[in-house]
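*Asks:* Take this structure, written in structure tokens, and hold onto it; I'll ask about it next.
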């Protein structure tokens, strides 16, 4: 399984627009995507409610995982969204 | 049903079928509701209902645009959430719950997670509840909650409806227009509540603080007088005809008045517009504003995660300046604080009385970089335009504060810096403030709030926010005299300036310009043009000699005979 660990830089954390963009991008992929805050329990990366409930704030570290064809490409894209200022 | 009485806050006559917005209590499907067999079909029903809600929210977002669209799209994503769908399916399959009950429970689990986090996430609970209530309504065969934004939704006759509610959030009214709503009748709220201000901006008659309004039977024809505050359910045809004819006659008289504001003996009183952003400029021009007397800049700052850049501010300011070449544009610097919190500038501590806290100019003292960015953007915009830019600060209490702000404006290269008179201390020592500032502008809404210790959002205290209160008139007179003594101007930019009778009194008190919601301009222009300055002064003296707002109104009117021809 491929994974990326990034620090969330956006002032609003992984909420509002960054959260929506992240989930929309994940939902378009056919792969399963999970996201976890720090070493916490991973949740479905295609679920806006689950991602919001993680309550990821600015400066928090998240781990994004996906498996299958195109996983690396997708993870790069999602890591970019999660770490965008 | 008897005539109801409230406070008229947006003049005009409205007539249409009542649309009574129910108190938004969530529908709770019974905990033991079972579907009784076909789990697959029940799952399909749930999926379809959630999709219908999502599509409806998206469609509303497309029609509204802007920030509202983003919020509605985020809600649509909640309705389509795959995690939620799994929970719903499990509840239907394993415990045999109905689709409605399963949806309700599944949302409940996320609701707890978000509510527990508090803060920003806690606020999202309301969005989540709205999505849940919509989905449950669809599944139970009920209408989705909310304000119908098309007349067809009210009674299928496509007539604009009279919107009756206990209270309205600004978001409820985001997609409404005059073609849809003929009048607002609100049980709560005061003359300066959001509904009142919004209604005036839309030019829709409105009555607030009207007890018993929501007991009007939905669909009943209702006649609303936004001047007198009378609400008449099921009026006779004659009543409707009389009211609408009087309104039409008045409209004709108003349309005849044009040109710059002045009394009948030629004493000029510039009539300016209050606006909340470049989007309101068209209405200001349409109603003949000679310039802008209050440009509220909060819209640039509220509801966003980071401060707007200097460049973004500059273009918003320039857009308004360019609409009034050679004219006057008065911009109020950021008026935020604990009562209007900014996401990127949270209050430093708990404020038990936000109206008395670190807001307005006080926020600038703590965060001068925000002020300097705004003043710099204003100066750059002014340099590119022929409009005369004047900048003023809100919540100024002392001459020292005035001097501090004026110096900052000077450093930024701004030609004219003034202060608002909203705090009684500033009115009492207006002469000292006018010695420092280039001009004064009285904000009557806040001045009333602070003078009478009466929260302007509280409908129950409406009497104390009445701009005809003699004590308020005294403070206005004091402020105007303080400015005149220093050879400076003193305008009024509160809602009081938009009352055509009070406008004459304000001129009599020595006020030099009036700024109001654009639709109020024609009536004020007409009232001023029918009286000379002497009459205005006599009316002002009579009003100040009264001991109650009612007496002040009556006393002033007796000196203003020209009002009769205006049906005011």
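Note that Cβ sites are derived from N, Cα and C of the backbone, with glycine treated the same way.
Look at TrEMBL and you will find B:194 tagged as active site, tele-phosphohistidine intermediate. Under the heading active site, proton donor, TrEMBL lists B:493. Taken from TrEMBL, the feature phosphoenolpyruvate binding site covers B:296, B:332, B:445, B:446, B:456. Residues annotated as domain 'Phosphotransferase system enzyme I N-terminal' in TrEMBL: B:5-124. According to TrEMBL, the domain 'PEP-utilising enzyme C-terminal' annotation covers B:260-531.
So where do these features actually land, and what's packed around them?
*Replies:* Sequence-distant neighbours of residue B:493 (active site, proton donor) (same chain, 6+ apart, CB under 8 A from its CB) are B:272, B:274, B:293, B:294, B:330, B:420, B:441, B:442, B:443, B:515, B:516.
Counting only residues at least six positions away in the same chain, the Cβ atoms of B:274, B:275, B:276, B:277, B:332, B:335 sit under 8 Å from the Cβ of residue B:296 (phosphoenolpyruvate binding site).
Mean pLDDT across the domain 'Phosphotransferase system enzyme I N-terminal' (B:5-124) comes to 85 in this model.
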*Asks:* Around the C-beta of residue B:332 (phosphoenolpyruvate binding site), how many further C-beta atoms are within 10 angstroms, looking at every protein chain?
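*Replies:* Taking all protein chains shown, residue B:332 (phosphoenolpyruvate binding site) has 23 Cβ neighbours within 10 Å.
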*Asks:* What does DSSP give as the helix, strand and coil breakdown of the domain 'Phosphotransferase system enzyme I N-terminal' (B:5-124)?
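*Replies:* So the counts come to 79 helix, 15 strand, 26 coil.
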*Asks:* For a quick check of understanding: given the listed phosphoenolpyruvate-binding residues B:296, B:332, B:445, B:446, B:456, what is the maximum Cα-Cα distance in angstrom, as an integer?
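*Replies:* Looking at B:296, B:332, B:445, B:446, B:456 as a set, their Cα atoms extend up to 20 Å apart.
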*Asks:* Count the other Cβ atoms sitting within 10 Å of the Cβ of residue B:456 (phosphoenolpyruvate binding site), across every protein chain shown.
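*Replies:* So the Cβ neighbour count for residue B:456 (phosphoenolpyruvate binding site) comes to 20.
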*Asks:* Reduce the DSSP letter at residue B:445 (phosphoenolpyruvate binding site) to three states and note it down.
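*Replies:* Residue B:445 (phosphoenolpyruvate binding site) sits in a helix per DSSP.
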